[in-house]
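> In case it's useful when we look at the structure, here is the feature table from TrEMBL:
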BINDING   S129, R149, T210, S272, R273, K282, G310, L311, E349  NADP(+) binding site
DOMAIN    66-194  domain 'FAD-binding FR-type'
Amino acid sequence: MNKIGYHDKSWISCTPLDLKNRITHSKCQCKVVCMSVQQANRRKVAVNPPELEDAQEPPLHLYKPKEPYTATIRSVERLVGPKAPGETCHIVIDHGGNVPYWEGQSYGVIPPGENPKKPGSPHNVRLYSIASTRYGDSFDGKTASLCVRRAVYYDPETGKEDPSKKGVCSNFLCDAKPGDKVQLTGPSGKVMLLPEDDPTATHIMIATGTGVAPYRGYLRRMFMESVTTFQFRGLAWLFLGVANTDSLLYDQEFSNYLQDYPNNFRYVTALSREQKNRNGGKMYVQDRIEEYSDEIFKLLDGGAHIYFCGLKGMMPGIQETLKRVAEQRGENWDEKLAQLKKKKQWHVEVY
């Protein structure tokens, strides 16, 4: 099996590889590369089965907690470099085409074992935004991908990791091996579905960390896959906030779109531990929003959709920034927000 170079833009079929073959070295950094994120190029990829475009409504709750679907882990790949705080993994799950979904939906995962708060009962469902299109990373409609950050707990007094308080589901997924079984529920969610009625529309996507997951699905559908029912000619503008360069998720994939579709894609990052905002503080995604606020407000006035996905704590700072900018423009933010919601331009999924 050939090693996939980090900057290789050629498309090849997605098959499991030895993770050791995904490590590439340079003078300044080491990145572990997910093969499936190396497929962005100008020549779009054929997808199957075409019947996945036929449904008029999104699939919802096909599998429920009491009767989940047993899927199979196809691959688990580390997405971040060595200087990233924490670990984030790209997990490809084989559902055999039996748990179809649309871009922007979520799967529920039930980790193995017993719920410590309810002896004899399974763990509660954990929801994860799906990070692939309905065709999956192998373009055959049989897989779904999740972007999962391993949840660990550090004792504030000792500063040491406490394994007894680690995130049960995220650690199960990040530690999984190809062939392991995983219990799925869903799909669920309608608020983050990608509106496709206007292929010339503008989509402004705001993410922190793994909140980038649904946008990866949008962008693959827009720029990577050959979908006859949706030929995107609008503008997709991604804002991604993470700690540092090594923490960027799917960066090469997004950079390839930027190179291949410069008139249709914009990509702005906020690296809180490496960049400073205009006041000399850490650069967060809301600082980038303020930086580009004139353009953003004009696009929203023109009917653009705006999406927010990531940790719940991201929203207060973003809302404060938008309110301040609106007031500077002589607008009432509460009224503007109400209009955006009424016109279904405002999409939020935080956790």
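Glycine too: its Cβ is placed from the backbone N, Cα and C atoms.
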> May I have the DSSP-based helix, strand and coil counts for the residues of the domain 'FAD-binding FR-type' (66-194)?
11 helix, 47 strand, 71 coil
> Enter the number of other CB atoms within 10 angstroms of the CB of S129 (NADP(+) binding site).
25
> Relative to the Cβ of R273 (NADP(+) binding site), which residues of the same chain, six or more apart in sequence, are found under 8 Å away?
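In sequence order, the residues whose Cβ lies under 8 Å from that of R273 (NADP(+) binding site) (at least 6 apart) are A243, N244, K282.
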> Averaged over the whole of the domain 'FAD-binding FR-type' (66-194), what is the pLDDT?
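Averaged over the domain 'FAD-binding FR-type' (66-194), the predicted model reaches a pLDDT of 94.
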> What span in Å does the NADP(+) site cover, taken as the longest CA to CA distance among S129, R149, T210, S272, R273, K282, G310, L311, E349?
27
> I'd like the Cβ neighbour count for T210 (NADP(+) binding site), meaning other Cβ atoms within 10 Å of its Cβ, all protein chains included.
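The Cβ of T210 (NADP(+) binding site) has 23 Cβ neighbours within 10 Å.
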